[in-house]
Structure formats: structure tokens, C-alpha cells
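Here is the structure we will look at.
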Amino acid sequence: MLSLRVPLAPITDPQQLQLSPLKGLSLVDKENTPPALSGTRVLASKTARRIFQEPTEPKTKAAAPGVEDEPLLRENPRRFVIFPIEYHDIWQMYKKAEASFWTAEEVDLSKDIQHWESLKPEERYFISHVLAFFAASDGIVNENLVERFSQEVQITEARCFYGFQIAMENIHSEMYSLLIDTYIKDPKEREFLFNAIETMPCVKKKADWALRWIGDKEATYGERVVAFAAVEGIFFSGSFASIFWLKKRGLMPGLTFSNELISRDEGLHCDFACLMFKHLVHKPSEERVREIIINAVRIEQEFLTEALPVKLIGMNCTLMKQYIEFVADRLMLELGFSKVFRVENPFDFMENISLEGKTNFFEKRVGEYQRMGVMSSPTENSFTLDADF
């Protein structure tokens, strides 16, 4: 409680004034002047502020690294202009994606109908459900790009890539929807497949895992980059392999060719996620990354060996589990960490996917096609008469 000090009564006796040593002294604005009530309140509030605020200062200094500590996420007033290029490796990834552009209209599905009719019921069941997962998952990837990554990342080169990735994911989703629309004639079954996130528990489980990362406000950008590298690198891997298995059997040329194009694009998107991870100053720990990757592996293994077993199309479930682990190890290495499972690739036909194809360009467009001149340097496009032959 604040105490009020009563001011000294004025001295009126002339004799006292003569004897007083305080005669002629002014006490106004001196240190020993009793403070007024308003001044006392100010002093009390300042003291209280010091008492309650000072202990919190060390906590502020020791806080976790924020956006300002990450060059990728820091406010960038020059983000509206592309040149001059600052991150050349990220820009090259964008140009590589741009050179790989394709559209759904370029895929010939005319031979697929006859093949589809000749497939066993369990093979048709498997393919249709894999396509349903793919059609929904590309939309989820785009949701993350639009809602989170494109808004968080401030460097122009990465924003260019994310913008182009959004366009390509739309084309992938269109392609998968077109495949379902072409193969499935029953309207009710078609509707069931288009709403796979709601109608198919095995697809919903994978979708929920990805959607949870989009909505997680506590997870760092680095953790979410790893999670979506797992979505595009692990969640898609087994399904891609199962469709390439059909190619090995000479089935469904339109489906398998679109699978080549899409798997190449998703591989590039996964590589880009790893590149962004490498540019981070404050990365998640290896233990945290392993936890995210292993979680994704378990969900994908369950999806393709229990919920939608690959044995339906004649593949070995045990080998599929091993292949998913092999893909996860490759992703861990690309992120800069050590392998988790240390297994070999059990599918020899998947080794050829990374090699340059020898397809006759005049028979059909090759899966490793790139647009003319996009990846070449200015000097490569110049005309000269003194070139060496």
C-alpha cells in the first residue's frame, strides 16, 4: 500500500525563522523533497515493470531461430523481380521443370481400352484404385504449395519453381482423372473413385497424413519440406513401380507412358525439396527426419501390401516392401543423412527408369523429352561459320 507523506507545516514564528538553518533554502525539485502522489505511482509502476519483465529477457535471447534467421524465408522486398539471379542452382531446377512441360492431350489412350477389357478383374481393381489415389494426391500437394510453401518462401527463384510445379500437378491430376474417365464406364464406380479420399479408407489414411502436415502450425518449414518430399518420393513410389510392372508385361501403353512422364516430374519435385532443405540454415535433426521418413514408409507399405496388395497384379508383396525401403534410403542420402534400411533395389525393371530411353522419337514422344532450347545456353543457340567439325 502506498503511504502519503504530510508536507511540513510552514514556520510563522519570527524567532524560529531566525534560528532555522533552513532559512532561505528552496526545497523545490530537490532529491529529498517528499514526492507527490502521482510521482509515487510512476515510480511504483516502473519498479514493478522491472521486476516482472527482466526475468523474461534471457528467454527471449535463447528463443528458437525464427524466420529472420532463414534466408529462404526472410522478408525479401525484391521478390517481385527475377533478375539478377541469386540462387543459380534453384533457378536451374526451375528451367529443368520448364523444359519438361507436357499436356494430357499428348498421351494416346486409343490402345488402352482393348488392353483394359482383357485384364483380370483383380488387375482392373488394383489399377483403378491406384489411379484414384493419384488423382486425389496431386490436389493435396497443390494445396500445400498454394497455402504454405509459396507464401512462406521469399526468394524469387523458388517461387518460380513452385508456381510451375502447381501447373504440372494440375496436369497430373487431369491425366489421372482422364484415365479413370476412359477406363471406367459405370458412373457410380467412377464417382466412387473420384471421391477416393472420402470413400476409400486406405487412400484417406495417406491423405490425412499429408493434410495434417499442411495444417500443422508448430512444424518448421524444414520438417514440412521433408514430409512432402516423402509424399512425392515415397507415397508415389510403390504405385509408380506397380504401373511400370504392367509396362514390363507390355500392357496399357497410354497408362504406362503417362506414368513415365509423371514419375519423372515427381522425381524432379522431390529433388527440389531436397535442394531447398540443403539451403536451410537451421535444419531438423537427423533423428526427426528419420522419424518422418520411417512413418511414411510404414504407411506406404501397408497401402500396397495389405489395403491394396500388389499381388493382385502378380507382384511380390515382400519385394514391394523392400523397394519402398530402398526408395526411402535414397531420399535420406539426398537429404544429407545416412541410410535407414540399407537394402538393395529388388526390381530390376525400375533400374532402367533413371536411364535415358532409346525410344524412336517418330513412334511416340519419349518420356525424357524436353522442350527445344529451354535448357541450352545463349551461346549454344548462336549461328557461326567457323565451328569445328
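First residue shown is number 1, and so on along the chain.
Glycine is treated like the rest: Cβ placed from N, Cα and C.
Predicted, not measured: the structure shown is a model, and the values here were computed from it.
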Site-mate of GLU169, HIS172 for Fe cation 1 in Swiss-Prot, selected among ASP138, ASP208, ASP216: ASP138
Residue from GLU198, GLU232, GLU300, GLU302 that Swiss-Prot also lists as binding Fe cation 2 with GLU169, GLU266, HIS269: GLU232
Cα separation, GLU232 (Fe cation 2 binding site) to GLU169 (Fe cation 1 binding site) (Å, whole number): 11
Residues close to Fe cation 2 site centre defined by GLU169, GLU232, GLU266, HIS269, Cβ within 8 Å: ASP138, VAL141, GLN165, MET168, HIS172, PHE236, ASP265, LEU268, CYS270
Neighbourhood of GLU266 (Fe cation 2 binding site), C-beta criterion under 8 angstroms, separation at least six: HIS172, GLU232, GLY233, PHE236, PHE240
8 Å Cβ shell about ASP138, GLU169, HIS172 centroid, Fe cation 1 site members excluded: SER137, GLY139, VAL141, ASN142, MET168, ASN170, ILE171, SER173, TYR176, ILE262
Cβ neighbour count within 10 Å of ASP138 (Fe cation 1 binding site): 24
